[in-house]
Amino acid sequence: MVSTEQSCWFIRKVICWRAVASIAWAVLLLPPITLVFVIISKFSFLHPVQTISCLYLLTSASGIFSFILLCGVILIVGFLHLEYYTIPMIACSKIALLGQLLHPRQFINSLVHCFMGVIVAWCCAVTMGLRYETLGYPCTESDDSHPQMCLNEYHLILLLAGAFVGFSHSLLGVIYNMNYVSFHTVQQYKYLRFKRCLPLVVKCSATQALYSVRNYIVMYLFLYIPRAWICKTLNLHLDSVHPLDSIAGLLDLSLLYHLWSSATFLLLTWNITLLLFRIFVTELQVYSFPVQSSFTEDSHQCLPKVLTEKFLALQDLALLSQHSPSRRCEVFSLSQPGHPHNWNAISKECLSLLTDLTQRLVAYHDTVATNGRAKSLSTSGTEDLMSPRPVFLMKTPASVFARSVAGTPQSPLTSLFTPDLDSPFASPALRRLTAPVDQCSPWYGTVQSPHIMRRAPKLWSTSTDSQVNGSPTPSPSSVPSPKQEPSKPSFLAQFLQNRKEQVKNFLAKRVLIMYLFNKLPEASSQALFADSQAHIWALELSYLVQASFSEDQFGVVQTTLPSILSCMLVLQEAVDRHFKLPHASSKPVRSTSSMGDSTYKTLRFALRATLKTAIYRITTTFGDHLAVQISAEHRKRLQQFLEYKE
């Protein structure tokens, strides 16, 4: 796992500077956006010249103060993007999604967005002027000639609309995974990408503002607004002549138009800040991670050290493998005293990522095969003794750029598929897959197929000594085994278990409970492949294997070629099994009505295509020269690739 020094170096020199650049550009774009908002909010068909003359409001004292407040809001929004960006959090049920929305961290985020919405709405009210400018206005009672200050409900409804839009925007960010940062396959310049995405951002902002205003009007009409408490707190009087909590009061086209334009301005500034953050953070590296360093103090910045912890490093590896012959020579070179440390480190980290995904898929298949129930102790005990155990331990990136540090507890907003092995609800198969490997075991240093795992007791029941001496294998019946008396549960434990089953059966018959706890279609599959962009780049290791056919002078790749092919074939077998499950092979429809990036929903298809292409790339390059020590099953599968039958 990455150390504190490594993580701080990467965040300080790469991520933070990119986030600052995106915020600076968002602030620079704020004046033209504000100018367009003033023109739209004050436009009149009958007096178009008067609309242009109202632009002097931007240079007034209130206009300058409003612009300073808007700049502060942009800074806070940019900081929240930097703090909350992550891989997509897939809720597999309605109750899981509700838990994400009610999480304390998310609740604080929603309150901050609500407060910022009020500030932006106040700036819009001051900019529009007229009846929206102040919260109080002078009025005269019918029986009193002295002027008094009454509550301006037009200003109040605009402020509450800003709070509602900000709060709903925060909730929609969780539902649609707006904090997800994806890497595009085809890289573009920042200006071209911004120009291409700007119309979509304007469309999404206007559409979301329209739905938010509709929901807000319904809420304002039917929910109680404490006007009396507000008037008493601010020492204002309530004007009962023009109430807005009625259908006639809310059916004011001018009011609805100004509410929609203000909400669009709010969402447009925030969405542009989000778009700029995505563009700058996912930009290609202006510098490359060095393959090896001449100085010890800079070794933590080398590519093998940061490979599995940072997506930009994996992206750099993919570019290195395809387009950089000079850097490939550094990977294939020998270190002192003649060992391929660079290649071993890079290949080990890539294979570790691929093995991790294979383990997750196998564990998920075991859970599906048992209908979500844990296996019996006798079955799990036999598998623990006889089943193969992969060499690499689980190492899942905690976030898109691995901002979590070793020893730091993972946040629920950043950890996607990191199971708690100490939990009593953890699967025995998952504990078996993550257990360390015994060096005396015949499985040490090998990666086998999940099908061979199930046949392990039959294939590997012969010991090494008996094979050498030629002695027959003793039958299982001749081996004495100690009889174990089954422990009978106590009366209290049995009573509690029966009550638990009764409660579960009772709740299972309730429609609302089943609606909340039922699994969403495709959610489990999307959650398994949510961080598969890292695995897709790890599969680009095949480009290095392909280049080694002509560039590897010392043959360093040949030593690990069997393990690379075995790892890819096992992963392909697990992926093929997964796509046979219900809802795994159906492609979801991409939504363009929100700022949420839905590319994570199709990552499993991209991974399957990249995996098959990587194997074909190796087999096509080596052809008949591909003589590796692999199992018979893998050799048969590899022959199908050589004959182009896959």
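Heads up, the Cβ atoms here are built off N, Cα and C, so glycines get one too.
Given the ranges 85-107, 154-176, the record in TrEMBL names 154-176 as transmembrane segment. The stretch in closest packing with the transmembrane segment (55-79), judged by the count of Cβ pairs under 8 Å and taken from 114-134, 154-176, 259-281, is 114-134. Below 8 angstroms of C-beta separation, residues 89, 97, 100-101, 106, 109-110, 113-122, 124-125, 131-135, 208-209, 212-213, 215-216, 219-220, 225, 227, 230, 244, 255, 258-259, 262-263, 266-267, 270, 591, 594-596, 598 of the same chain, each at least six residues beyond the ends of the transmembrane segment (154-176), sit close to that stretch.
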